[in-house]
Amino acid sequence: MSDMITAAILGLVEGLTEFLPVSSTGHLIITGELLGFTGPKAATFEVAIQLGAILAVVVLYWDRFWGLLRPQPYVRFAGLRGIMLLLLTSLPASVLGLAAHSTIKAHLFTPSTVAIALAVGAIFMLLVERRTERPRYMTLDEMSPALALGIGCFQCLALWPGFSRSAATIMGGMLLGARRGLAAEYSFIAAVPIMFAATGYDLLKSWTLFTPADLPFFATGFVVSFLSAWAAVKLFIALVGRMTFRPFAWYRLAIAPLVYYFMAY
């Protein structure tokens, strides 16, 4: 299989799974093993193509991000208030991630821990879906500092590889009273600062693995990741109000043993 096809397949997997509550880490592990693309360079590539997925969310929610710099009258999720909410959401995982980065890389990327994270995240989703309380927060403009910080605390669960940042923040938001669609939308927007920072940090530490000859390979993965993430987020937002997350949870339980197998053997 050519390098460009490998890059395109991995970019497609990254884009389709990064913002869905299914764990992009688990899927990239399986795909990388099937394609025979593993090791330090593969890990760096997987980090780099996340930038394509991040850019897709920036494009889709450009008006919201632009509003953070140029607030509009009667829009509360804008300007300094909007920036403050995103900072509150990013703070817990940023602090914990920086403090425990080496430990996470060394001890939480084992076959058993990633597979368990997939299963625990699935059970968490099923439990949240059993709740029947009416949501208290309906739109982004109703977001409160307490809700933003609470979602940020749940986001710390995503530091456990395999748990899924989207699962942690969407389910955490719903548990704290956010409407299903709001929890998903805010999860995508809040992903940009923390993912950009984490991706940048990892790339700075591994930039020596890049060579000019790798540029077409990385560019292919980046572009495919961008396009597939754009389509996945667009479709997910259109459907999220009419569906539950139970199918995602059962799917995670099904692939957890596969992730363990491909990582262990």
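Cβ coordinates come from backbone N, Cα and C, glycine included.
Under the heading transmembrane segment, Swiss-Prot lists 42-62 (among others), citing sequence analysis as support.
The list of residues near the transmembrane segment (82-102) in space but at least 6 beyond its ends in sequence, with Cβ under 8 angstroms from a Cβ of it, reads 64, 67-68, 71, 76, 143, 145, 148-149, 151-153, 155-156, 158-159, 169, 186, 189-190, 193-194, 197-198, 201. Look at Swiss-Prot and you will find 82-102 (among others) tagged as transmembrane segment, backed by sequence analysis.
Tertiary neighbourhood of the transmembrane segment (108-128): same-chain residues 21, 23, 25-26, 29, 157, 159-164, 167-168, 171, 174-175, 245-246, 248-250, 252-253, 255-257, 259-261, 263-264, selected by CB-CB distance under 8 Å and a gap of 6+ residues from either end. If you look up Swiss-Prot, you'll see 108-128 (among others) marked as transmembrane segment, on the strength of sequence analysis.
What Swiss-Prot lists as transmembrane segment is 143-163 (among others), and the listing cites sequence analysis.
Sequence annotations record features per position, and here Swiss-Prot assigns transmembrane segment to 181-201 (among others) based on sequence analysis. Within its own chain, the transmembrane segment (181-201) has Cβ neighbours under 8 Å at 19, 47-48, 50-51, 53-54, 57-58, 60-61, 64-65, 86-87, 89-90, 93-94, 97, 101, 135, 137-140, 142-143, 148, 151-152, 155, 165-166, 169-174, 233, 236-237, 240-241, counting only residues six or more beyond its boundaries.
Positions annotated as transmembrane segment by Swiss-Prot, on the basis of sequence analysis: 221-241 (among others).
When Cβ-Cβ distances below 8 Å are used as the criterion, the transmembrane segment (248-264) is approached by residues 20-23, 26-27, 29-30, 33-34, 110-112, 114-116, 118-119, 121-123, 125-126, 129, 162, 164, 167 of the same chain, each at least six residues removed from its ends. Sequence annotations record features per position, and here Swiss-Prot assigns transmembrane segment to 248-264 (among others) based on sequence analysis.
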Residue numbers, six or more beyond the limits of the transmembrane segment (143-163), whose CB comes under 8 Å of its CB atoms: 23, 25-26, 76-77, 84-86, 88-93, 96-97, 100, 104, 108-109, 113-118, 120-121, 137, 169, 171-173, 175-178, 182-183, 186-187, 190, 194, 259
